[in-house]
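Engineer: The structure is given below, and queries will be raised subsequently.
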Amino acid sequence: MGVSNDESQQLLDHQETLPTTTADTTKVSKKLSILPFIFLIYFEVSGGAYGAEAAVGAAGPFCAILGFLVFPFLWSIPEALITAELATAFPGNGGYIIWAHQAFGPFWGSLMGSWKFVSGVINLASCSVLCIDYVKRIFPLFSSGAPRYIAIPFLASMLSLLNYTGLVVVGYTAIALGVITLLPFILLALISIPQIDPSRWLSLSQNPSRWLSLSQDRVQTNWSLFFNTLFWNLNFWDNVSALAGEIDQPQKTFPKALFSAGMLTVLAYLVPLLAATGAIPLEQEKWVNGYFAEAAKIIAGEWLMIFLEIGAVLSTIGFYEAQLTSCAYQVLGMSDIGFLPPCFSVRSKWFNTPWVGIVVSTSITIAVSYMNFENLVSSVNFLYSLGMLLEFASFLWLRRKLPTIKRPFKVPMELPGLVIMCLIPCGFLVYIMSVANGTVLLVSTTVTVLTVFWYFVMNNFCKCKMWTEFNNGAKLVDEDLQ
């Protein structure tokens, strides 16, 4: 039989006293309010249309516009709804790790933590590479060779220092960066209006006059790149759950912030894509990372190109700061739970930030930043897909395991409807994983094997030596699920 409402609430209250759900109390830090939190989510997921150009290059304007219009309904909304429900039910640093831990036990929590963490730090590396790809259009010096190899780790190190100054500073920085980075795209859209030819939006072909053309002169469609680009630009909604313990009134803040950030993100992609693809003739092979700047030059002149390049760099800073924040607080949460030694939860005495998590995340980011950009994105997507499959399973199982536990926000569906809601994104996750190349499979297999090894070393050796222990948490549900 299930537990009663009163029993579930008592058990939840007990669980909330555990390290998995509390921020560090040795120094009281100011909680993050809703507006900076919205922009942190926005940068975690998007940061603007920068990086969306490859979708046009891979499949043409029609598929790119349709993808950024439809994909949020198939993927982003289900992920955001699940994040809102679980983050408000388990509002602690660690996020999805706590969810998998409570659903299936510490082994699966450990796997979740490693898959999501490594995908996060690789995403940080892709962010640094993307920034340099924009900068090199103004300063060709950074196109290759020693200047490029030096610029990437230098950029990562400097941005990590900003993260060290505190979550509130990062949050309000995100607001300022968000406003500035959106402005050049707003100008691009307004200036392009007289030049827009709507027929160009319907083109699959190198020749924009051939609507939905299937002729031989059409650029070969690269579906793997197309879907990886969509996925990379519209995922990571759940990453902010890793710092739920630092958010002011998370039960109320999470649903509102996720909805607001979702609307902002979709518009930030669609408006620039409609403007640029509609205002200039299609040269599909030129639509690679950084092409929005070239499009801005064609439409409005060099001044807007420079403005957009500056916006790209600032967007990268916001993207990096948001992603690094989640990675650092995830390390802290994993240490609190017991998946990492206690030293990983050490905070700065000055800013109360998890400086060990910042250093670890930055070091791995620099180490992998020299991978090919496409391999970086594919590796991020593959590892993230593994974590998301486990996250969907945790969500469904917790609904069955804890049917009466307090959920300040609850997806308004019963279990059969939730299964259907999860099946479509799960099918997409399987597809993303099926098109991975050998490098991506090697990276993902290595991460998984090392995680399993680390778990058993921690559980069977370190625990015996009393160096650390797994916090199995309060049992929130009667094992009898009938």
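Each Cβ is built from the backbone N, Cα and C atoms, and glycine gets one as well.
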Engineer: Match it up for me: which of 148-168, 379-399 does TrEMBL list as transmembrane segment?
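Structural biologist: That would be 379-399, the stretch labelled transmembrane segment in TrEMBL.
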Engineer: As a test: from 300-320, 411-433, 439-457, pick the stretch that has the greatest number of Cβ pairs under 8 Å with the transmembrane segment (170-193).
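Structural biologist: Counting Cβ pairs under 8 Å, the winner is 300-320.
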Engineer: Do we see three or more Cβ pairs under 8 Å linking the transmembrane segment (34-52) and the transmembrane segment (257-280), pairs being at least 6 apart in sequence?
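Structural biologist: Yes; at least 3 Cβ pairs under 8 Å.
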Engineer: Before we move on, state whether the transmembrane segment (257-280) and the transmembrane segment (300-320) share at least 3 Cβ pairs under 8 Å, counting only pairs 6 or more apart in sequence.
Structural biologist: no
Engineer: Mark yes when the transmembrane segment (439-457) and the transmembrane segment (379-399) have three or more Cβ pairs under 8 Å (sequence separation 6 or more) and no when they do not.
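Structural biologist: With 3 or more qualifying Cβ pairs, these stretches touch.
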